[in-house]
Number of protein chains: 2
Amino acid sequence: MPVRRFYKLYLSPSRKYVKTLKNLLGFVPGNLSLYRLAFRHKSVAQSVKKGVKNSNERLEFLGDAVLGSVVAEVLFKLYPYKDEGFLTELRSKIVNRANLNQLARKLGFEKLIEYDNRMISATRQGSLLGDAFEALVGAVYLDKGYDFTKNFLINHIIKSHIDIHTLEQTETNFKSKLIEWCQRHGKDIIFEHIPNQEGESTKLFTIVVNVDGEVMGLGKEFSKKHAEKLAAEKACEALGI
Amino acid sequence: MPVRRFYKLYLSPSRKYVKTLKNLLGFVPGNLSLYRLAFRHKSVAQSVKKGVKNSNERLEFLGDAVLGSVVAEVLFKLYPYKDEGFLTELRSKIVNRANLNQLARKLGFEKLIEYDNRMISATRQGSLLGDAFEALVGAVYLDKGYDFTKNFLINHIIKSHIDIHTLEQTETNFKSKLIEWCQRHGKDIIFEHIPNQEGESTKLFTIVVNVDGEVMGLGKEFSKKHAEKLAAEKACEALGI
């Protein structure tokens with residue numbers, strides 16, 4: 001065992017934190033401050049120069065991009081005979097917020113995230129997990145580089161925790177997802193059919209979704225069902241469901 | 001000069017193509033078939049197994065992700081005191097279709113792209129360039145790896161062709177962009193103010209953009225100007241402007 005690694009794990013003042021991270025990630029982290037930053041929500045962050053806070057949001061921006069790129073390559077190679085529409089859709093099923101929240105919960109991120117629960121509603125607390133997961137990817141990237149991050153994501157995360165072939169089969173039912181969410185949060189939801197405008201094809205259906213009286217999505221398609229689906233999808237996106 | 005490189009540039013049957021690419025990219029490409037694929041539009045692609053075409057669309061999916069990740073890191077490091085909202089917006093100014101089309105034209109991609117011009121409208125032909133640029137990034141990545149691609153993009157593309165600080169200052173005016181586009185393409189455009197729904201805050205404005213009688217975007221904001229801007233932005237997105 002190299003001296004640095006031995007020191008980090010057994011002698012340094014941060015050895016407990018290093019061990020927790022090692023158990024979680026499967027490797028000994030280098031620059032600890034990056035990992036601390038990845039787990040720090042803005043509700044407990046301090047303002048640094050020019051009013052920017054030392055929260056995980058910037059790392060989340062970087063990690064989101066790196067994760068998107070790694071997953072793109074995995075799918076590109078896993079499905080050599082599928083077109084880019086298929087690849088795009090499958091990637092968004094893998095990296096969507098709900099999936100990342102669940103993943104981060106399974107990985108045990110809850111005990112590592114620092115946040116002030118008085119400032120965040122219970123609904124929002126779940127999505128801190130996914131945000132922290134993306135920020136962690138950003139931290140690993142800055143600490144260890146792209147190839148290391150790619151191997152970490154493939155071997156430690158994707159292979160063990162993400163069932164790509166099952167996700168491939170699941171069609172996301174945005175309408176029922178949205179209705180369920182509204183019921184759980186006590187919100188009124190109305191799907192409204194908007195009459196066609198003058199000159200518009202009479203075959204088109206325009207559906208607007210109202211959540212608590214606010215338009216959250218609009219879909220326009222050649223069948224009412226598809227228009228509803230699209231409107232619900234937009235609303236899910238807008239509400240971050 | 002290593003033997004392989006010498007062979008590629010001076011002896012191989014593809015030496016002319018290798019030289020063209022070397023002049024364009026600044027390096028000697030490895031796997032030529034990847035680069036040929038990057039420049040092949042689906043209008044001239046052939047069906048391979050299971051109906052997937054050997055066009056540049058899959059590489060475009062991959063290259064878009066790699067480019068997004070490289071630009072994310074560049075901005076993350078260039079602006080240590082800017083928040084993720086700023087970084088996201090600036091990145092989308094850099095990698096938007098119009099900007100990539102212009103970049104690919106400057107790089108001389110026009111003479112390399114293979115496409116069937118009978119199958120593509122003049123408007124659409126411009127955007128083949130940006131698509132091919134993304135596909136090329138995918139090809140370079142598969143051929144040479146992430147760090148090489150990152151250095152290529154930073155030193156050969158971003159430093160020479162993209163003025164990040166000027167883009168930072170430009171605020172995209174989606175409304176005038178959309179109106180101009182409609183005028184150029186002989187399309188009617190109407191910004192329509194939708195009355196508030198019952199129970200909705202009276203301070204909110206809902207604006208819908210109709211292009212040739214079809215709803216292309218909706219914006220809801222606390223000022224009419226912002227609602228229009230948002231609706232125009234959505235319409236630009238939907239129309240691929």
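Here the Cβ of each residue, glycine as well, is placed from N, Cα and C on the backbone.
According to TrEMBL, the feature active site maps to A:Asp64 (among others). A:Asp64 (active site): 24 other CB atoms within 10 A of its CB, across all protein chains.
Sequence-distant contacts of A:Glu134 (active site), defined as residues of its own chain at least six apart whose C-beta falls under 8 angstroms from its C-beta, comprise A:Leu59, A:Glu60, A:Gly63, A:Asp64, A:Leu67, A:Leu100. Mapped onto three states, the DSSP output places A:Glu134 (active site) in helix. The feature active site is assigned by TrEMBL to A:Glu134 (among others).
Under the heading Mg(2+) binding site, TrEMBL lists A:Glu60, A:Asp131, A:Glu134.
Residues or ranges marked as domain 'RNase III' by TrEMBL: A:18-145.
Confidence in the domain 'DRBM' (A:173-241), given as mean pLDDT, stands at 82. According to TrEMBL, the feature domain 'DRBM' maps to A:173-241.
Here the Cβ of A:Asp131 (Mg(2+) binding site) has 25 other Cβ atoms within 10 Å, regardless of which shown protein chain they belong to. Secondary structure by DSSP for the domain 'RNase III' (A:18-145): 94 helix, 4 strand, 30 coil.
Residue counts for the domain 'DRBM' (A:173-241) under DSSP (helix as H, G, I; strand as E, B; rest coil) come to 27 helix, 21 strand, 21 coil.
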